[in-house]
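Asker: Here it is, the structure in full.
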Amino acid sequence: MFQTLYSCFWWERLWLPANLTWADLEDRDGRVYAKASDLYVTLPLAFLFLVVRHLFETYVATPLAGLLNVKEKIRLKAAPNAVLEKFYAATTKHPKQADVEMLSKKSGCTVRQVERWFRRRRNQDRPSLLKKFREARVTLAPVWARPVHGEGVCGLWGAEGPQDTWVDTREGLEPPQGGCPSSPLALQSMLPSQYWYYMIELSFYWSLLFSIASDVKRKDFKEQIIHHVATIILISFSWFANYIRAGTLIMALHDSSDYLLESAKMFNYAGWRNTCNNIFIIFAAVFIITRLVILPFWIMHCTVVYPLDLYPPFFGYYFFNFMMVVLQSLHIFWAYLIIRMAQNPPPPFPPQVVEDERSDREETDNSEEEEEAAKNGPLSNGHPILNNNHRKTD
């Protein structure tokens, strides 16, 4: 039964166009082609990434945070209270007013004390500034392999053809001279640098998926999971179906803005507001240009329209482009958040760091005085200031 399922999954008509078989993608005449079995190495590499990440956080990111004066806010801990803790863990972290009044009676605390307890308890669960800084540093991990990335991407420049793939993306699907026109994916051999580019990128996204539960949890947590899964599927499929050139272009476009975002986060946590804002402006421009212009109107146009001139559509064609649409939908969602961040900073722009729309606003104990001021007017040493414009009446 297993063998039957295996044969059905790897049926050539599912993943390859007509007149192309897996035998056509076997190594020959000094040419090396991508193989599905190569992807097995990405799983142990992903766990190696996690080990390196731990060492990097401990021995590099933490000392660097100290040098950049990344300071933690002092958070007051919530006093132990079994009734409130049970409600916090089992029901909700944000009780409604009716729940607060009910908990006040059960716990013997005042309504104000219950509200303060939940605020402090939520603050205890929020990731520290140091954790956010270290995570931003670790997300820059693929930059360690930047020489490999650069060689893999530059390998597309004039590779095996009169045109180069960066100028005409059709070259990403064209066979070299002598290739079978009805089988454009065949005979596109692989460069060693492209092999490592794929293995490092795929391993890194596997490691992100494995660690997402322990990383800083943002409002787009579900979208992040969908993004990681879609990216892993796209990278894997483009590898064993030999869409290497198109896959390399797509990964390069994503990398170009990811580094800028994580760098902006680091300077934000370090308090370098002007540097953070300047990098964020560059990031927003690069993100919109690469993911909302180049990717859909250049690369996706090539993967959707041009293949139909070479062979009839097949399952792999629909599958690949469907996953590209999923990825592009996430790009539109994140672009909306980026535009919101760019449009809503305090004037004049940019006087201070733009707030990440994906993050929950941090509640501090200083907010207690602000709430009292909103209810009772300005406070002086914790007491309301009398309004001297009106006479006191008995």
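Numbering starts at 1 and runs along the chain as it is shown here.
Using N, Cα and C of the backbone, Cβ positions are placed for all residues, glycine too.
Caution: TrEMBL annotation is automatic and unverified by curators.
Not measured: the values here are computed from a predicted model.
Heads up, here are the entries from TrEMBL:
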type: TRANSMEM; residues: 45-68; note: transmembrane segment
type: DOMAIN; residues: 67-128; note: domain 'Homeobox'
type: DNA_BIND; residues: 69-129; note: DNA-binding region
type: DOMAIN; residues: 130-347; note: domain 'TLC'
type: TRANSMEM; residues: 195-213; note: transmembrane segment
type: TRANSMEM; residues: 225-244; note: transmembrane segment
type: TRANSMEM; residues: 279-299; note: transmembrane segment
type: TRANSMEM; residues: 319-339; note: transmembrane segment
type: REGION; residues: 348-394; note: region 'Disordered'
type: COMPBIAS; residues: 362-372; note: compositional bias 'Acidic residues'
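How buried are the listed features, and what sits near them?
Answerer: Here the transmembrane segment (45-68) has long-range neighbours at 130, 133-134, 137-138, 141, 199-200, 203-204, 206-207, 210-211, 269-272, meaning same-chain residues at least 6 beyond its ends whose C-beta is under 8 angstroms from one of its own.
Summed and averaged per residue, pLDDT over the domain 'Homeobox' (67-128) gives 85.
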Asker: Against which stretches of its own chain does the transmembrane segment (225-244) lie, if we need a Cβ under 8 Å and a gap of at least six residues from its ends?
Answerer: 15-16, 25, 33-36, 38-39, 172-173, 185-186, 188, 190, 194, 198, 201-202, 205-206, 208-209, 212, 250-251, 254, 303, 316, 319-320, 323-324, 326-327, 330
Asker: What are the DSSP helix, strand and coil residue counts for the DNA-binding region (69-129)?
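Answerer: Counts, helix then strand then coil: 36 helix, 0 strand, 25 coil.
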